[in-house]
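J.: What follows is a structure written as structure tokens; I'll ask about it next.
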């Protein structure tokens, strides 16, 4: 009875061991090119694909005679052969290893081999695990290229074999490893000290540096004294660098680091090295809509404003003048050491066409050029050197109002003018067209003095008075009250357009270029002259009579 029970128990164990999915131990009996023969003590030897016995490097990891665990796929496949799987056995072993690591909070080794939504995939001895993006490191990591393909340690934080779900954390391993080192570092860390670290992550605003359990931020503005567009210009992930501790907040465990502070500040005493007016060469490092930046020495850049790029083109885009990388000659215009700003000039290193014009032209010189534009206030004429001169509306014609005179011109016309004034500093040249001829108004006044009797033709008349053309380009004005010795309320009653008149020149308005006229004053003057003439004749008659009487008396008559 006892033997029967023992026999039955042993047979039941064998049944369990030979069920599909069971893990059995076998011996490698042969290794062929494509298969490995394994004897697991079953009905027949099993041929297993050789690929299932290769490691990650593609090397066969067994020899003939080695014992290996394999999974039983089928006791008999219909051809009398037993089907075994080394791959499934490996997977079973991997799950056992993961369960043990999970229970004991131990680390496991794996390789990050892909990116998925929310994180990454990790290969753990044939088991695919999920690594959340937030658990890659103690700091957020955007780029994992430096980690992919490398064997790393992880902790299993979630395990469900039935659902084939494994979640791991690299952050937990780092925090655990860095705990002791971190405590020691925090205890010794002081502001001003120099420390070594490894760049572990880059952002648009800087780089995070692992100091050994503690991360410090190397801000982009503290990487170099020069302008830095992106941290990758200075450091790369994985670089080992020496930095200076600028600020350490022990309570919040925040460390600010500096790289440029390891060297001397190039801005110190820069005004002494480059006095205003100094000419030097530099390299164009950046272009903007408002100018370009030029590096004049390592870590020192100045701005050439767009207005200081060209003497004649004020609104030209910097890209039309220079390119990034160009070596250019510039002049120091201004230095603000406190604000760390240098104003540079590009055009100041070239000949100033305004100054050249001032040196080669005098007031009254005749110039010629094409009309470049016509505005509400005058005409711009293109001159040698790419500069413009302005003919103001008031300097177009002696006789015609500027608004009317300008209509006779159009863009592109060749035109002559006279230089009236040159202000090289303000970059202004005043020209005149009417000055090409003599001023008829001044000529008229030089010939006709105040008080003279002049003649003219009425060109316009209203109640208040009449406008009189005295000569070509010369006007006079006769007020109604000056039109007659009689009281006149309305000039139209005594004058009409076209009337020829004779009047006295009584005054001049040089600003408005008008001669004041008076018929009344002329008539009064004429009357006075007539009276004087009569009186003279009477006096002459009386004198003649007196002489005759005296002559008679002398004869004794």
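Including glycine, each Cβ sits where the backbone N, Cα and C put it.
According to Swiss-Prot, the record shows the following:
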{"type": "DOMAIN", "residues": "21-87", "note": "domain 'S1 motif 1'"}
{"type": "DOMAIN", "residues": "105-171", "note": "domain 'S1 motif 2'"}
{"type": "DOMAIN", "residues": "192-260", "note": "domain 'S1 motif 3'"}
{"type": "DOMAIN", "residues": "277-347", "note": "domain 'S1 motif 4'"}
{"type": "DOMAIN", "residues": "364-434", "note": "domain 'S1 motif 5'"}
{"type": "DOMAIN", "residues": "451-520", "note": "domain 'S1 motif 6'"}
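What does the local environment look like for each feature on the list?
T.: Counting residues per DSSP class in helix, strand and coil order gives 4 helix, 37 strand, 26 coil for the domain 'S1 motif 2' (105-171).
When DSSP labels each residue, the domain 'S1 motif 3' (192-260) comes out as 7 helix, 35 strand, 27 coil, counted as helix, strand and coil in that order.
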J.: Taking helix as H, G and I and strand as E and B in DSSP, count the residues of the domain 'S1 motif 1' (21-87) in helix, strand and coil.
T.: 6 helix, 31 strand, 30 coil
J.: May I ask which of the stretches 105-171, 192-260, 277-347, 451-520 has the most CB pairs under 8 A with the domain 'S1 motif 5' (364-434)?
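T.: Stretch with maximum Cβ contacts: 277-347.
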